[in-house]
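Pulled from TrEMBL, these are the features on record:
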type	residues	note
DISULFID	Cys101-Cys155	disulfide bond
ACT_SITE	Ser166	active site, nucleophile
DISULFID	Cys211-Cys218	disulfide bond
ACT_SITE	Asp215	active site
ACT_SITE	His227	active site, proton donor/acceptor
Amino acid sequence: MNGIYARDDPFAPYMQNSASYTQFSIQLLNFEASKLYFLVVSASLSVSALASPTPISPDLLRRNNIKERGSIPGWDWLRGLVEGSKTGSIVENGIKENNGCQPLTLIFACGTGEIGNMGEIIGPPLAGALRTHMNGKVTIQGVNYPASALSLSQCPGSKVVLAGYSQGASVVHNASGDLKAGQVARAVLFGDPLQSIPPRSIIEKDVMSICAGGDAICRGGLDIPAHLSYAENANKAAALLVGA
């Protein structure tokens, strides 16, 4: 981000330069990143069946629930912009529903205000492209905003890959600092607000960060429609993830 914000920019009170922007993002997204980290670590367990959900205390859910803590400043303004750019929302619960062991598992975090746990911009076309590349042999799990913590397990031998769009890209990016080598094979980030900061633990060559020209979210530009254009990158991203 270039540190220049319009007077009516909802981020302005919180982010007057790139350093404060980064801290703001990390503070707001830490609890979501911790959920994704929990999901990935649990998905890496070498067991062949889905474990039963572990009861979560009401207090924990209250502390980690965006709706109960209030909306995130600076993200709500995007909610009205996705209209007209939708590819159709879907829900993917391949891990949660234990749909069978597959050689590849995708965990996807959607953007702000999107419907379903895969959203409407890039999630559905990415899921479709992956199924085409893998001949249907892929498990896909979307992560809701907010997401209840679940005790999950992953089929042994399945490679885990991550993808996220907009705020979801920040969640994936932020969680990468807590992941150990080998827990995730590859990651794709679409319109990542933390674009300028390299992921801390996933090897950089295994991360594709796609930022459209002029994207107001990841490049600090003024082109809001550019942030809604990532469906066209679905096939390219799927090819990278399949090659993990």
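Each Cβ is built from the backbone N, Cα and C atoms, and glycine gets one as well.
Any TrEMBL annotation is an automated prediction that lacks curation.
Features as recorded by TrEMBL, highlighted on the structure.
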residue: Cys101; record: disulfide bond; DSSP class: coil
residue: Ser166; record: active site, nucleophile; DSSP class: coil
residue: Cys211; record: disulfide bond; DSSP class: coil
residue: Cys218; record: disulfide bond; DSSP class: coil
residue: His227; record: active site, proton donor/acceptor; DSSP class: helix
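Rounded to the nearest whole angstrom, the C-alpha distance between Cys101 (disulfide bond) and His227 (active site, proton donor/acceptor) is 34.
The CA atom of His227 (active site, proton donor/acceptor) is located 8 Å away from the CA atom of Ser166 (active site, nucleophile). Less than 8 angstroms from the CB of Cys211 (disulfide bond) sit Gly191, Asp192, Gln195, Cys218, Arg219, each of them six or more residues away in the same chain. A Cα-Cα distance of 11 Å separates the residue listed as 'active site' from the residue listed as 'active site, nucleophile'. Cβ neighbour count for the residue listed as 'active site, proton donor/acceptor' (all protein chains, 10 Å cutoff from its Cβ): 26.
In this structure, the disulfide-bonded residues Cys101, Cys218 were compared by how many other Cβ atoms lie within 10 Å of their Cβ, and the smallest count belongs to Cys101.
Of all Cβ atoms in the shown protein chains, 26 besides its own fall within 10 Å of the Cβ of the residue listed as 'active site'.
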